[in-house]
Every structure is written in structure tokens, then in C-alpha cells.
Amino acid sequence: SNSSSITEFLLLVFTSTRELQLLHFWLFLGIYLAALLGNGLIITAIACDHHLHTPMYFFLLNLSILDLGSISTTVPKSMANSLWDIRAISYAGCAAQVFLFVFFISAAFYLLTVMAYDRYIAICQPLHYGTLLGSRACVHMAAAAWGSGFLNSVLHTANTFSIPLCQGNALDQFFCEIPQILKLSCSHSYPREVGLYVISACLFFVCFIFIVLSYVQIFRAVLKIPSEQGRHKAFSTCLPHLAVVSLLVSTGMFAYFKPNSISSPSLDLVVAVLYSVVPPAVNPLIYSMRNQELKDALRKLKKL
């Protein structure tokens with residue numbers, strides 16, 4: 001077969017046993033509803049509480065929107081396939097899924113880089129916080145994250161779906177993922193996508209180094225704070241962000257840049273769940289668990 005004759009792709013079936021298919025449906029439904037509820041509460045709390053109209057919470061609101069987008073791109077289709085015992089996704093649907101997922105994931109990572117800069121300025125240069133992170137600067141940085149994610153997604157989607165496919169149409173993944181589509185390509189037919197991979201990897205690596213260096217400076221500054229309460233408050237705003245970055249970067253980089261020699265359907269599936277499903281569901285919990293201001297805003301919201 002070739003890409004011109006393919007009208008649909010076949011996604012990975014978790015199991016052929018009907019009872020386990022329904023178990024997968026209910027499990028993913030629970031995770032999806034938790035992600036919707038958690039991120040929805042954070043968005044509503046930040047939007048409604050004027051005390052949270054600060055750069056840090058503005059970026060967190062954007063991250064919650066991106067998390068909702070990314071999990072809504074992959075999980076509902078997988079749930080529907082398990083519920084109705086099907087595995088097909090149309091060619092156009094697969095392209096749309098790749099585009100949206102890469103867009104939301106890329107934009108989220110760029111936004112996490114901006115959030116590291118926000119924490120660096122707040123803790124290491126607090127006197128300049130108001131001038132360096134004014135409302136206009138925050139909007140520009142958030143727009144840059146969204147725009148960069150969009151550009152990255154357009155380039156990768158266009159290149160991936162312009163590659164001739166000669167290895168059938170069955171994907172070893174529960175959603176349309178670029179590495180799995182490239183496995184279907186004709187041999188030596190995707191140098192442009194490999195080039196884009198390298199460019200994206202370099203860009204992500206620069207962002208990651210920036211995040212690491214920012215946190216080195218942050219922790220050095222926090223350890224110099226004389227009061228234990230001050231150190232606790234500083235760590236409470238930084239550690240959740242660091243945990244989110246670590247989970248997304250480690251699993252995402254492994255999924256897209258691991259050697260084929262260690263690739264297997266079960267390993268690819270676990271890694272994909274860890275970077276595509278888990279972060280959107282647990283991010284609201286991570287960010288609210290140690291954040292007293294957000295907890296107070298959620299309590300106010302609960303009383304309304």
C-alpha cells in the first residue's frame with residue numbers, strides 16, 4: 001500500500017477481551033473526568049479571583065487550557081474505540097490528531113519554560129518583577145508559546161503526512177503518534193522529518209537547559225532566605241513546576257528519541273500514557289497541593 005491509497009489507520013487495541021475493553025473505557029473515563037474537573041476548577045478559580053490575577057497564575061491558566069486540549073485530543077477517541085470495539089481512525093482524523101497533539105504538547109513545554117523564567121524573576125530579582133513581567137510582557141510570552149507550538153505542529157504534521165507509506169496502516173499506539181506513523185514509511189523516505197526532529201530536539205534541549213539553569217539560581221537564592229517560612233513558601237511555588245517539567249521532558253524525550261532497538265509495543269504504550277495522559281490529569285493536583293493561595297481560591301469557589 002502507499003499513502004495515496006490509505007483512507008484510514010488502525011489504532012492499537014489494548015485487549016481483545018470484551019470485559020477488559022470496558023475496563024479500559026471506564027479507567028480512561030475516570031482519568032479524563034479528573035483532568036476536566038481539575039483543570040476546569042483551576043481555570044475558573046484563577047479567572048474569578050482577582051487575587052490570582054498575577055503572572056504566575058496567568059501562565060498556570062494557560063497551561064491548564066493546553067492540558068485540557070492535549071488530553072481531549074487522544075483519550076476520547078481511545079475510549080470510543082474500546083466502548084464500540086473498533087480501532088479505525090480516518091486519514092484526516094489521524095492528521096488532525098497529530099496536529100492538535102503536537103501543538104498542545106509543544107506549546108505546553110514552551111509555556112513551562114516561560115514559567116521557569118517567571119519563578120526566576122520572582123525569587124532572584126523580586127524588585128524588577130513588576131517591570132520585567134508586566135501584563136503586556138506576560139501576554140506576549142504566552143502568545144509566543146502558543147505560536148511556537150502552532151508552527152512546530154504545522155511543520156511536523158505537513159512533513160509526516162507527505163511521506164510515502166509502504167508498511168500498511170496499523171499503528172502500534174492508542175492514538176496517532178508521529179514515531180508510529182514513521183514506522184509505516186518506505187525505507188529512507190523521511191530525511192526532512194529527521195531534520196525537523198533534530199531541530200526540534202535542539203530547541204527543546206535549549207529550553208530544558210534554560211529551565212535547569214533557572215532552577216539552579218532559584219535554589220541558590222532560596223537557600224539564602226533566613227526564615228524557614230520564607231524558604232517553604234518559595235519551594236512550594238517552585239517544586240510543583242519542577243515536577244511537571246521532569247515528568248513531561250523525561251517521558252516525551254524517551255518516546256520520540258529512543259533507539260528502535262529498545263522499542264516494543266508495550267513499552268511504547270506505557271511511555272505514551274505517561275506523557276500524554278498522566279500530566280494533564282495530575283498537574284492540577286501537583287499545582288494545588290502545596291499552593292495555599294490556590295487552595296483558598298478553590299474554597300471560595302466551593303462556597304459560591
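From the backbone N, Cα and C atoms, a Cβ is placed for every residue, glycine too.
The transmembrane segment annotation in TrEMBL covers 23-45, 57-76, 88-112, 133-155, 194-216, 237-257, 269-289. Annotation comment: TrEMBL describes 38-287 as domain 'G-protein coupled receptors family 1 profile'.
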Inquiry  = Against the transmembrane segment (88-112), which of these stretches has the most C-beta pairs under 8 Å: 23-45, 133-155, 194-216?
reply    = 133-155
Inquiry  = Looking only at the domain 'G-protein coupled receptors family 1 profile' (38-287), what is the model's average confidence as pLDDT?
reply    = 85
